[in-house]
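Please read the structure below before turning to the comments.
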């Protein structure tokens with residue numbers, strides 16, 4: 001399994017770092033090995049490629065006067081540690097593959113590099129030998145080093161390549177400001193940030209491909225046609241008039257505030273680039289007196305994706321075009337526009353193998369979903385492992401395809417890939433400013449505290465608190481997302497221990513979220529009239545956020561394989577009755593005579609997220625049940641239901657988490673949780689908890705159920721007591737046929753595993769509409 005790459009962001013600078021291995025940096029003591037000394041003296045190292053930060057990039061080595069790269073085959077974090085020390089950094093925090101920082105040129109010096117991480121020089125690591133490689137530059141390895149220098153490192157080790165400028169950041173500046181313009185800004189003058197400040201781009205030769213790249217960088221899926229006559233009118237107005245207060249409509253022409261400052265010209269993009277830096281372009285020299293003669297600043301207009309068009313009120317435009325179900329989706333991401341890539345094939349969702357996964361393929365996914373280009377193409381199940389089919393492998397996109405399915409790919413087989421290689425993406429998003437309308441106060445870190453929201457109009461803005469009534473995990477998830485802090489570990493209704501600020505007014509109440517909103521304002525809540533059952537700052541909402549979360553999935557095939565009926569004597573069900581595991585009619589049964597008819601099955605619950613699943617309550621509050629002789633860490637861990645086709649519940653069961661533990665784990669994962677001797681309870685990432693069919697309460701009491709066709713439904717963590725990265729996959733459904741003596745359970749699947757059409761076919765199972773056996 002390959003390690004994964006790490007997020008990069010502005011500013012982009014192309015710095016090359018080099019130093020001689022003969023120095024003692026990174027080595028505990030000078031080496032007396034003559035071969036190593038010669039090899040070290042003959043090597044120089046640098047970071048190259050863009051866009052990137054100064055402490056990350058493609059690794060290049062100069063040997064015998066020739067610069068070359070390293071192949072990513074067998075590359076590990078240990079090798080990255082050694083190379084970062086060679087470059088003058090203390091250690092590595094990550095590494096990249098598949099030429100993330102662009103393909104290099106020249107020789108590929110090292111292949112199958114294998115280091116322990118403690119070597120003082122890369123010459124001590126095993127490899128195929130210098131210059132012996134079967135790779136191409138599309139497989140160039142990169143490193144992300146910790147931004148901390150080794151003692152003795154000096155600035156003389158940093159040089160610029162050809163002293164070239166690089167585009168660090170791009171923005172759209174509105175040419176006309178109509179009072180308070182809503183975010184995100186979708187149209188304006190293109191400006192790039194250079195070392196001397198923000199500059200405009202000459203529009204001579206400007207093409208739709210250039211606009212496409214700019215819009216993608218700024219988080220928009222595509223560009224629109226610009227009304228250039230409007231901007232030419234502004235330029236004429238700028239020359240002939242000076243702005244006067246109190247005249248004309250309430251608008252300020254920002255372009256008048258300063259003369260055009262051109263810094264870039266001759267931009268020529270293909271349209272598939274992930275960043276403007278990757279396009280052909282030229283910078284004006286400092287002594288250029290005439291800039292963009294006869295031209296104007298380049299103007300771009302971008303289209304909002306559906307997610308943001310809806311949130312900004314532009315619904316009419318989106319709803320005018322009927323759209324079918326998407327063929328791609330993201331799962332498991334902590335922030336909007338990121339997650340594990342899943343594609344729809346033959347009515348079933350499956351994942352994508354990360355082999356040859358790159359920015360071009362990731363950008364096709366991002367644009368298809370209504371975001372901009374990809375910031376990162378992630379490998380190694382960075383956003384958690386999927387479950388079920390792997391539909392695609394070795395996807396090769398040019399970047400111009402409208403859908404991932406239009407890209408060439410390889411047919412997948414069971415031996416080709418595993419879910420530990422699930423591909424993921426991080427997309428560029430438009431700036432909406434929602435994070436400025438919310439903050440946390442009083443917490444021990446920036447990830448926790450009492451929630452405060454900003455309300456009012458410009459000039460009369462104020463901060464206030466949120467009523468804690470009905471505040472739960474789903475509301476906390478939205479708050480953490482709006483804050484940019486990932487998931488919610490807890491949603492708290494009492495925050496007296498965080499009472500450290502001077503904000504005391506409750507300005508929002510009745511907040512009810514589905515969990516998918518981008519901000520709390522999109523959730524249902526009371527309007528101007530605030531109603532709170534429990535008054536005072538003590539009972540206001542708070543959150544504890546986290547960048548990672550668990551994700552529980554039920555192994556649906558095991559339910560189908562193990563389901564059977566048992567007629568169990570009442571005298572064996574006293575403990576089960578005490579824990580409310582039987583239907584209500586059992587209370588009037590003739591105890592201890594007679595029996596109850598039970599539908600039994602096994603439950604194997606996997607944690608495929610990025611954090612361990614732990615009970616919300618600490619062990620000090622677990623409840624001891626004398627009858628079964630165990631503790632309950634969660635009162636309700638799963639719901640078991642038998643439903644009619646119209647959703648009416650005819651039988652139910654529930655399972656308390658009397659023992660959350662790691663029954664088995666994946667090959668490379670160790671067990672952490674065991675219930676014996678009052679041990680810690682939970683489910684480790686990569687492990688599963690097995691509730692066998694033959695233990696108490698692992699059933700549904702169907703004594704009162706009449707013969708017919710039904711739906712068996714199992715829901716994990718039904719009350720959202722513990723935060724997860726994805727709640728949509730917590731339910732499992734099966735078709736169920738019962739003739740009064742036997743039962744057939746089939747077509748079991750996770751709730752979000754099927755397409756919408758496949759789910760409709762499932763619900764129209766023959767015979768269910770009349771509830772008769774067929």
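Glycine is no exception: its Cβ is also placed from the backbone N, Cα and C atoms.
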Matching range for TrEMBL feature annotation, region 'Disordered', among 267-289, 290-312, 313-335: 313-335
Candidate with sparsest Cβ neighbourhood (10 Å radius) among 84, 135, 145, 366, the listed disulfide-bonded residues: 135
Helix, strand and coil counts within the domain 'SRCR' (438-546) (DSSP): 20 helix, 36 strand, 53 coil
Pairwise Cα distance for residue 279 (disulfide bond)/residue 407 (disulfide bond) [Å, integer]: 22
Same chain, 6+ residues apart, C-beta under 8 Å of the C-beta of residue 115 (disulfide bond), given in sequence order: 76, 78, 79, 81, 82, 122, 124, 125, 126
Cβ packing number for residue 71 (disulfide bond), 10 Å threshold: 24
Cβ neighbours of residue 269 (disulfide bond) where a neighbour is any other Cβ within 10 Å: 21
Neighbourhood of residue 407 (disulfide bond) by C-beta distance under 8 A, where only residues 6 or more apart in the same chain count: 361, 364, 395, 396, 397, 398, 401
